[in-house]
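Trainee: Pasting a structure here, questions to come.
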Amino acid sequence: MEPRGTKRGAGKIEAAESRNKLPRLAPSLPTDPALYSGPFPFYRRPSELGRFSLDAQRQYHGDARALRYYSPPPTNGPGPNFDLRDGYPDRYQPRDEEVREGLDHLLRWLLEHRGQLEGGPGWLAGAVVTWRGHLTKLLTTPYERQEGWQLAASRFQGTLYLSEVETPAARAQRLARPPLLRELMYMGYKFEQYMCADKPGGSPDPSGEVNTNMAFCSVLRSRLGSHPLLFSGEVDCTDPQAPSTQPPTCYVELKTSKEMHSPGQWKSFYRHKLLKWWAQSFLPGVPSVVAGFRNPEGFVCSLKTFPTMEMFEYVRNDCDGWNPSVCMNFCDAFLSFAESTVVQDDPRLVHLFSWEPGGPVTVSVHQDAPYAFLPMWYVEAMTQDLPSPPKTPSPKY
């Protein structure tokens with residue numbers, strides 16, 4: 001008969017083993033705004049590293065050929081009378097949204113310029129690479145009540161890449177998009193056509209086709225907290241009359257919104273739409289948004305400029321308003337969460353971060369298709385570029 005102590009010891013070992021077999025709780029990140037209300041985190045003034053263009057066939061060009069020039073109507077003349085429905089649908093060439101581009105255009109730019117990056121290859125190894133639009137979604141998450149998101153993350157050669165995945169709900173919504181919403185999307189692009197010229201000092205030509213394949217993109221470097229960032233975003237136009245012609249401070253963002261007639265409508269606009277405009281423009285350092293307000297017939301009859309750094313003033317005293325510190329602190333916390341979660345360096349391994357309003361950010365792990373997003377041409381080119389390891393001297397006999 002075994003001594004009692006031995007049995008107790010064996011029982012402890014068995015209990016420890018069974019505890020180890022239990023699945024570990026998957027990590028998650030809360031999104032409640034109250035948790036992120038501390039001081040504004042460090043954010044490095046964004047600097048432009050480069051630019052690229054996408055043409056009418058969505059082909060990549062490593063230059064500024066798609067850049068347009070801000071050309072508003074004269075301030076002393078009659079107000080604008082832009083018919084945003086003009087040309088719809090006959091002169092409209094929308095981008096094929098079934099084509100999932102991922103980070104491909106940005107990766108093409110990165111491949112061409114990785115040798116000239118300020119800070120050298122070592123800087124890229126510690127950076128986060130993504131689209132500006134993905135960061136915008138992170139900034140607005142603590143206040144978002146309707147649309148969830150999914151971000152795929154992979155680590156490769158030290159760099160953390162983030163690429164959005166279309167959620168099943170977003171896909172269903174896109175495929176069932178009502179005609180009115182499709183027309184509203186067109187109207188936003190049409191407004192840009194009324195406000196931009198093809199060359200400095202030129203006049204807008206709203207008689208042409210609206211082709212949403214075309215885009216001019218700025219590639220920027222910044223840092224949020226301890227996270228170096230390399231991201232790219234589409235730019236509507238540059239202002240030849242801007243006080244500084246240095247990008248990104250010469251860039252202008254163009255938006256449309258419906259006319260507002262009551263304090264309640266303005267309050268809702270400041271709480272919701274202005275938050276998204278702020279996040280989208282603050283990240284790349286675009287100094288202002290010019291909004292065209294359209295009437296029910298689809299005509300823009302008034303323009304208003306919203307300086308990015310003054311947008312928060314509209315909600316500062318609103319107890320249900322948004323706070324830039326909360327947005328940036330949450331984004332910083334998410335990046336820290338992602339950095340500590342995605343530790344294995346493998347371009348085929350994907351950590352999928354998922355979020356639905358009202359809940360925390362959760363993580364699931366996937367290998368290869370359908371979530372792997374770093375293309376083979378990029379992985380191979382970056383791998384070939386690595387310096388070869390030093391040869392081991394052969395033993396002397």
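From the backbone N, Cα and C atoms, a Cβ is placed for every residue, glycine too.
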Trainee: Between the candidate ranges 44-65, 66-87, 198-219, where does TrEMBL place the region 'Disordered' annotation?
Mentor: 66-87
Trainee: Which is it, of 1-37, 112-148, 223-259, that TrEMBL names as region 'Disordered'?
Mentor: 1-37
Trainee: I'd like the per-state residue tally for the region 'Disordered' (66-87) from DSSP, helix first, then strand, then coil.
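Mentor: Summed by class, the stretch gives 0 helix, 4 strand, 18 coil.
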Trainee: Over the domain 'RAI1-like' (44-379), what is the model's mean pLDDT?
Mentor: 97
